[in-house]
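*Asks:* Not my notes, these are from TrEMBL:
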DOMAIN    45-263  domain 'Phosphoenolpyruvate carboxykinase GTP-utilising N-terminal'
BINDING   Arg103, Tyr242, Gly243, Gly244, Ser293, Asn420, Ser421, Arg422  substrate binding site
BINDING   Lys251, His271, Asp318  Mn(2+) binding site
DOMAIN    267-636  domain 'Phosphoenolpyruvate carboxykinase C-terminal P-loop'
BINDING   Ala294, Cys295, Gly296, Lys297, Thr298, Asn299, Arg422, Arg453, Phe547, Gly548, Glu549, Asn550  GTP binding site
ACT_SITE  Cys295  active site
Amino acid sequence: MTAVLEPAATVRSLPVSAAPVPSPTGAAGRSPAPSGAPVAPELLRWIGEVAALTRPDRIHFVTGTDAEFAELTDALVAAGTFTRLTGKPNSFHVVSDPSDVARVEDRTFICSERERDAGPTNNWRDPAAMKAEMTELYRGCMRGRTLYVVPFCMGPLDAAKPRLGVEITDSAYVVTSMRVMTRIGTGALDLINTGLPWVKALHSVGAPVEPGTTDAVWPCNDTKYIVHFPEERAIWSFGSGYGGNALLGKKCYSLRIASAMARDEGWLAEHMLILKLTSPSDVVHYVAAAFPSACGKTNLAMLEPTIPGWRVETLGDDIAWMEFGADGRLYATNPEFGLFGVAPGTGWDTNPNAMRAIAAGNSVFTNVALTDDGDVWWEGMTPEPPAHLTDWQGREWTPSGLAADGSVLASAGQPAAHPNSRFCTPITQCPTLAAEYHEPRGVPISAILFGGRRKTTVPLVLQARDWQHGVFLGATIASETTAAATGAVGVVRRDPMAMLPFIGYDAGDYLQHWLDLARAPGRRMPAVFSVNWFRRDADGGFLWPGFGENARVLKWVVERLEGTAPAVRTPIGDVPVPGGLDLDGVEVTPEQLTRALAVDGQEWKRELPLIQEWLDSLGTTVPAALRDELDGLRERLG
């Protein structure tokens, strides 16, 4: 590989801990940076400190080039970690350890200097104590491995204030995935070397390779920590190689650390899609939307409208950073460079544009099934599964659960792909990607949608009366859980702004920050709407068909923005008048739509104590304005 910083000037076999900390010009007088320019002293000092602690065999500055990606993936294939796919160009399949398949919320910590600043929704430990414990875990943890230095930029490199980071990792899987998900390599390093601030993100799988031993196909450690130090803008991750635990530009930086940055600097870092909506008369509006998991965020971001003349283009499917422009409007950018989507449920019927992006290749697939002809498959990709697969655990799998000789397979009755299996795909391959995706200033947001998954109570769409009421709607987003998840059907789980696992500080302070944004002079806040695609009838059937038909709801949102659609004022907000939604060409009866839009006062009276309990659970920092909104709702319901 190129751009390697030798652990010692002349003796390659010396452990890094035995070598002096590299100088800003690198070993033997050479710059370790790919461009040959001197590396920022703070960065080089940090690399030296980490190397002295973790003792890697090699240090590699990541360039982000195609040649480097090819070299890394070739090595991963040779090691048995990656399988090269024949069904998609430049794409790879990887299977994780069964103990390392998802985010570990119980091992995720916000180590703010004051416990009060983490709040009741986060795990907290004293930062000094946590650092002391993790320092011992990191000691020698990279023996036998390469320490990769991954400079990266969240959002466009040519932004007025590029937000930078450096991830140190001992996982080549992380490097290849970060190349898809962020702008990595020389361009980001050059910006860091100008003296711009950057986030320190340290990651190790926690599995040193001792002399005479063989590396695991998926190295990890039973002890796992994902720790954030918001005041320092630092992330420490140990023990997991998977997804958001290890790709530290993902939720760790883009939401937990960035939300703390946004609080301090007057902007928003949110778990939202961004889409561009164009009407038949070529009027453009930009919409951001926050939905909890399994509520259709990616599908809406890549929507194919069923109503003639309307177009949806994609700017982001997961993260939105929103800052105020000189005109007082809120401008959103997508800080990510790729799609890191849950594979099951993504298919040609539900999200054809995601499937087209995936089909273009250049992707890493984790814990999905393999077809016999060297391609990938997961539940929901096609109406019927292939006759034979290798499941995510490497076992033979058939739809019947039977082998050719009639014996019962070990995989019988289990999904072929893990429920949290992932595709990691460049967003630039999405056929609906809007040209404005590359605009460093972002796009002006006209409307924000909040949505959950509710069988009852919450109507298909409603508009908030004002910004404060909209914040109340976002703060009380809820989804009903399933028996499989909780042991009880219909348990309502609140997820404020779909950010519950990702708020990097106290939740009450976070909600107050939302309210405060509207108070500065000249602010032109987006309109706020609530949507619920999942309301059901008495027989359990969906009242609204969803998917591409959701464009009809977006059309009404635009008509409200432009003042051309009347609405009915209800105790909970404004809903479409009878006939207010365009139903031309859709198989929804007026009766079904009436039920989908209904506001049942008795149902909402039963909701009031649940909302009260939720706000109380957040403690004394809950804004008084939100309690006022609840009191007002109670009064309007009578």
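Just so you know, glycine gets a Cβ as well, placed from its N, Cα and C.
Thinking about packing and proximity, how do these listed features fit into the structure?
*Replies:* Looking at the domain 'Phosphoenolpyruvate carboxykinase GTP-utilising N-terminal' (45-263) alone, the prediction's average pLDDT is 98.
Sequence-distant contacts of Ser421 (substrate binding site), defined by Cβ-Cβ distance under 8 angstroms and a gap of at least six in the same chain, are Val342, Ala343, Pro344, Phe365, Thr366, Asn367, Val368, Trp378, Trp392.
Neighbours of Asp318 (Mn(2+) binding site), defined as other CB atoms within 10 A of its CB across all chains, total 24.
Annotation note: Arg422 (substrate binding site) sits in a strand segment as assigned by DSSP. Sequence-distant neighbours of Arg422 (substrate binding site) (same chain, 6+ apart, CB under 8 A from its CB) are Gly243, Phe340, Gly341, Val342, Ala343, Phe365, Thr366, Asn367, Val368.
Annotation for Cys295 (active site): spatial neighbours Gly451, Gly452, Arg453, Ser479, Ala498, Trp533, Phe534, criterion Cβ-Cβ under 8 Å with sequence separation of six or more.
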*Asks:* What other residues of the same chain, not counting Lys251, His271, Asp318, have a CB atom within 8 A of the CB centroid of the Mn(2+) site?
*Replies:* Lys250, Ser254, Leu255, Ile319, Phe502
*Asks:* Relative to the Cβ position of Gly244 (substrate binding site), how many further Cβ atoms are located within 10 Å?
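*Replies:* Neighbour count, Cβ to Cβ under the 10 Å cut-off: 24.
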*Asks:* Taking Asp318 (Mn(2+) binding site) as the reference, which of Arg103, Gly244, Thr298 (the binding-site residues) have a CA within 10 A of its CA?
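*Replies:* Checking each Cα against Asp318 (Mn(2+) binding site), the hits are Thr298.
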*Asks:* On the Cα atoms of Ala294, Cys295, Gly296, Lys297, Thr298, Asn299, Arg422, Arg453, Phe547, Gly548, Glu549, Asn550, which are listed as binding GTP, what is the maximum pairwise distance in Å?
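*Replies:* Farthest-apart Cα atoms in Ala294, Cys295, Gly296, Lys297, Thr298, Asn299, Arg422, Arg453, Phe547, Gly548, Glu549, Asn550 are separated by 26 Å.
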*Asks:* Would you pick out, from the binding-site residues Thr298, Asn420, the residue whose Cβ has the largest number of other Cβ atoms within 10 Å?
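*Replies:* The most densely surrounded of these binding-site residues is Thr298.
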*Asks:* Would you please pick out, from the binding-site residues Tyr242, Phe547, the one with the fewest other Cβ atoms within 10 Å of its Cβ?
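*Replies:* Taking Tyr242, Phe547 as the binding-site residues, the minimal 10 Å Cβ count falls on Phe547.
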*Asks:* Taking Cα atoms as reference points, which of the binding-site residues Arg103, Lys251, His271, Ser293, Asn420 is nearest to Glu549 (GTP binding site)?
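*Replies:* It is Ser293, whose Cα lies nearest.
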*Asks:* By a simple count, how many Cβ atoms lie within 10 Å of the Cβ of Arg103 (substrate binding site), its own Cβ left out?
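*Replies:* For Arg103 (substrate binding site), the count of other Cβ atoms within 10 Å is 18.
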